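As annotated by Swiss-Prot, Fe cation binding site applies to His54, His58, Cys128, with the evidence given as sequence analysis.
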Amino acid sequence: MPLLDSFTVDHTRMEAPAVRVAKTMNTPHGDTITVFDLRFCIPNKEVMPEKGIHTLEHLFAGFMRNHLNGNGVEIIDISPMGCRTGFYMSLIGTPDEQRVADAWKAAMADVLKVKEQNQIPELNVYQCGTYQMHSLSEAQDIARHILEHDVRINSNEELALPKDKLQELHI
C-alpha cells in the first residue's frame, strides 16, 4: 500500500492549533490544489468530542468560505480527520498559511455567534447522516480553544520523519 503524505510527518512533534500545507498538486488544466492540515488538537494528547466536531463540520465549512474564498482561492471541501484532532481543507489556489490562520480564527469567532442549535446548517434527517449527533456548546468550546491560542504554522520540513524511522516502522 502506498505511504500517504499525512503519515510521513512526526505526529509527536506537531503543534496545535496550527496550519500545515499537507499537499500541493496541479490538475491537468493547470489549477493548483492545496490541501491544508488544520490541526485543532495535539495528536495523541487531545481530541475533539464527536458531537462537537460534527457540529463544527456543519458550521466551519461555510464560515471558512466566507473568510477565505476570493483572490484566487476557492475551497473545495473541509472534512474532519478520523483521529478527531483536526480538519483537512482542500482548495483551489495557494494562499499562505497566515491567510488561512486568519480565516480560521475569523470562522471560529463566527461559531461563537451562533445562538441556537436550530441555526446549525443542514441539521435535519434529509441532509445529515447522523442529525441527532450534534452539540453547539461542544463546537463553541472547540472554537474558544482556538481563539484562546495562537494559530501556529507546522512545517513539513521540521516534522518530516527520517527515512530510517520510516523503515523502522516498517513503512
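Cβ atoms are placed via backbone N, Cα and C, with glycine included.
Sorted by the number of other CB atoms within 10 A, the binding-site residues His54, His58 start with His58, the lowest. Same-chain residues that are not part of His54, His58, Cys128 yet have a Cβ within 8 Å of the Cβ center of the Fe cation site turn out to be Thr55, Glu57, Ile120, Glu122, Leu123, Thr130, Tyr131, Met133, His134. Residue environment of Cys128 (Fe cation binding site) contains 17 other Cβ atoms, counted within 10 Å of its Cβ in all protein chains.
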